[in-house]
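Visitor: I have a structure here, written as structure tokens, and I will follow up with some questions on it.
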């Protein structure tokens with residue numbers, strides 16, 4: 001072939017390659033253009049992000065920055081951090097796309113070589129876009145890191161302010177010189193409240209507007225009061241009467257649930273209607289509006305304490321009581337729970353009024369102290385009642401005592417001790433002057449105890465309903481808690497999980513803190529360049545769970561339907577089923593990782609480094625795992641085999657990933673590592689076939705006709721039904737023993753598992769035949785010779801004479 005033809009072919013190949021690359025670039029151009037526009041927007045946002053970061057730094061440096069100002073800036077910064085993270089992920093995706101397109105162009109031609117003009121131009125364009133994308137990525141990452149740093153500093157500043165407010169020493173409420181100012185403030189507030197109402201009624205326009213709203217507001221308020229005081233009592237009375245007449249467990253469970261709902265929902269609706277009517281009237285000014293605005297929280301405290309008190313102590317019906325108390329103590333417990341809730345509601349209402357009035361610390365301390373003192377007394381009484389309940393028995397439920405004991409008694413015991421401590425310490429702190437710290441400790445604990453009580457009631461109600469559903473008949477009084485499995489534990493876990501955010505808010509966490517935790521869970525963490533979020537983790541668990549379930553279903557179908565129809569033995573069927581299980585779990589893991597979209601390539605270095613260190617600690621486990629795979633594939637040992645290994649003899653019952661379970665003849669289970677079965681020596685009696693040899697030793701007395709003995713023993717062996725004919729059984733004259741002539745019967749059995757029974761049967765027949773034929777079976781005899789009996793007799797006689 002000439003050089004001219006080679007050059008022609010090279011030009012044709014170059015043109016074809018240029019055409020293909022041009023087509024690829026035309027397809028990818030719109031996407032790159034869109035990404036370019038997005039990069040431009042990222043660059044434009046950088047200035048805005050920098051200004052917000054500078055604003056946060058200025059606010060942190062200011063000593064006069066309030067909590068509200070810090071919280072507002074923090075909210076903007078949190079949103080900016082999410083935007084920066086999205087921009088960073090977008091820039092990373094764009095970089096990957098541009099690099100993939102550059103790789104499709106091939107390597108840059110060497111000096112002296114040329115490429116198509118369109119390809120060269122596109123290469124220059126892509127390199128420029130690559131630099132821009134890298135700049136955008138660095139800018140977004142820097143903005144995210146700067147924003148995260150400012151957020152951390154703002155959080156630290158807000159926590160410091162909160163801590164300083166708690167530990168600041170204020171005026172003491174027990175000093176008499178502080179009382180007159182508080183009394184004057186109370187009188188002044190009620191006068192202001194009265195003045196607001198009179199001012200509204202004196203104003204003609206306001207009076208006409210109030211009269212227009214009065215019918216609707218009056219109806220709402222009257223309905224609310226009826227629901228609170230009349231309808232609630234009627235419904236509760238009807239349900240209690242029904243429960244007293246009914247003894248069926250299912251009816252009792254559903255009736256108790258209806259009773260709980262009636263005590264919670266009916267008063268809540270009534271309070272909501274009353275508050276709506278009161279707000280509709282709009283009679284008050286700022287002083288009264290502060291009270292009206294705090295009424296929903298006030299009603300929530302009162303209603304929840306009423307509901308929790310009646311649900312836990314159940315003063316009307318003993319079988320619904322969640323504590324071991326008599327009727328008198330149960331009524332007292334319900335009463336003190338409601339009183340404690342009432343004082344907590346009053347403290348919250350008082351705090352709202354003091355904030356509206358902008359009262360000084362002295363007035364606030366004096367007015368809050370009596371409420372705190374009475375609330376502490378109520379808490380003390382409740383702690384004493386729970387101490388009596390724990391002494392008399394244990395916190396229990398009609399449904400499942402063990403589960404309720406696990407979820408209740410230990411926690412109640414801890415709460416009781418904490419209640420005593422808080423009831424003593426909080427008034428002392430308030431008396432010294434630490435009013436803020438006292439309120440924080442006492443009412444945070446009271447609300448936490450309320451959350452725990454509500455969760456406890458929900459859990460007990462769930463167990464009661466679950467028992468009613470699971471029982472086969474109303475009269476079944478058996479312990480049904482065992483049939484629940486882990487369902488009560490799972491329900492308790494979900495209830496506890498739902499309580500965590502509420503408890504966090506009670507003890508000082510802000511909504512922004514919860515949002516921060518949610519953002520952290522949603523966005524995930526970066527490991528080795530890969531970001532793993534809660535959503536990815538949940539998707540991974542769900543997909544893997546589905547794959548795992550399908551694998552187990554396939555194993556069950558194979559084990560019950562398919563494999564029994566094949567010619568495989570039991571061990572082979574188990575090996576196939578186990579192998580399918582391993583393969584299914586592996587495929588489920590791969591599919592879960594792929595479906596979730598996790599990029600684990602960046603974790604290869606981390607995994608490699610970890611594998612070096614972990615490998616030394618796990619080499620035995622890995623060796624056992626590999627040995628288990630070898631056992632399943634090669635099958636030198638299978639389920640059902642009779643083996644001897646490591647001094648143990650028995651049947652193989654299970655071959656698992658790490659070890660093999662052997663059941664000995666005394667019904668003990670021996671767990672042998674798989675590595676020992678592969679690397680060591682194993683005697684398998686049933687590997688090739690079920691045939692096996694039995695050896696029966698026999699001894700006869702000296703002087704016996706050995707040929708006759710041989711014929712008898714051979715006849716016994718040949719006539720046994722489990723002895724095979726080929727090879728025929730043999731009788732061997734083994735030698736001359738100390739007391740007998742030793743023979744052995746050696747025969748091959750059809751089933752070696754019957755070795756002991758065959759040996760026993762042959763011994764019976766041997767004894768019968770030898771007895772009939774007069775053949776003696778000797779036993780060991782020994783004669784004792786004394787060398788000096790005369791001397792021994794004299795010695796013994798001398799001792800008798802001496803009286804020894």
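Placement of Cβ uses the backbone N, Cα and C atoms for every residue, glycine included.
Sharing the feature lines straight out of TrEMBL:
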type	residues	note
COILED	116-143	coiled coil
DOMAIN	139-194	domain 'DUF3772'
DOMAIN	620-687	domain 'Mechanosensitive ion channel MscS'
DOMAIN	695-777	domain 'Mechanosensitive ion channel MscS C-terminal'
SIGNAL	1-34	signal peptide
TRANSMEM	214-231	transmembrane segment
TRANSMEM	252-278	transmembrane segment
TRANSMEM	290-314	transmembrane segment
TRANSMEM	335-354	transmembrane segment
TRANSMEM	366-386	transmembrane segment
TRANSMEM	418-436	transmembrane segment
TRANSMEM	442-463	transmembrane segment
TRANSMEM	484-509	transmembrane segment
TRANSMEM	529-554	transmembrane segment
TRANSMEM	575-598	transmembrane segment
TRANSMEM	604-633	transmembrane segment
Visitor: Which sequence positions outside the transmembrane segment (575-598), separated from its termini by at least 6 residues, show Cβ-Cβ distances below 8 Å to it?
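Guide: For the transmembrane segment (575-598), the sequence-distant neighbours (Cβ-Cβ under 8 Å, at least 6 residues beyond its ends) are 530, 532, 536, 539-541, 543-544, 546-548, 550-552, 554-555, 558-559, 563, 568, 629, 632-633, 635, 638-639, 655, 657.
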Visitor: So what's the average pLDDT for the coiled coil (116-143)?
Guide: 84
Visitor: Could you count the residues of the domain 'DUF3772' (139-194) that DSSP puts in helix, in strand and in coil?
Guide: 48 helix, 0 strand, 8 coil
Visitor: DSSP-wise, what's the residue breakdown of the domain 'Mechanosensitive ion channel MscS C-terminal' (695-777) into helix, strand and coil?
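Guide: The domain 'Mechanosensitive ion channel MscS C-terminal' (695-777) comes out at 35 helix, 23 strand, 25 coil.
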Visitor: Where else in the chain does the transmembrane segment (214-231) make close Cβ contacts, counting only residues six or more beyond its ends and a cut-off under 8 Å?
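Guide: Distal contacts: 266-267, 269-278, 280-281.
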Visitor: For the transmembrane segment (484-509), what are the same-chain contacts with Cβ under 8 Å, counting residues 6+ beyond its ends?
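Guide: For the transmembrane segment (484-509), the far contacts come to 162, 400, 403, 407, 440, 444, 447-448, 451-452, 455, 458-459, 462-463, 466, 470.
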Visitor: Taking 3+ C-beta pairs under 8 angstroms (sequence gap of 6 or more) as contact, is the transmembrane segment (366-386) in contact with the transmembrane segment (442-463)?
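Guide: In contact, yes.
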Visitor: With a Cβ cut-off under 8 Å, give me the same-chain residues at least six positions beyond the ends of the transmembrane segment (335-354) that come close to it.
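Guide: Residues 189, 287, 290-291, 293-295, 297-302, 304-306, 308-309, 312-313, 363-364, 367-368, 371-372, 374-375, 378-379, 381-382, 385, 439, 443, 446-447, 450.
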Visitor: For the domain 'Mechanosensitive ion channel MscS' (620-687), DSSP counts of helix, strand and coil?
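Guide: Summed over the domain 'Mechanosensitive ion channel MscS' (620-687), the classes give 21 helix, 25 strand, 22 coil.
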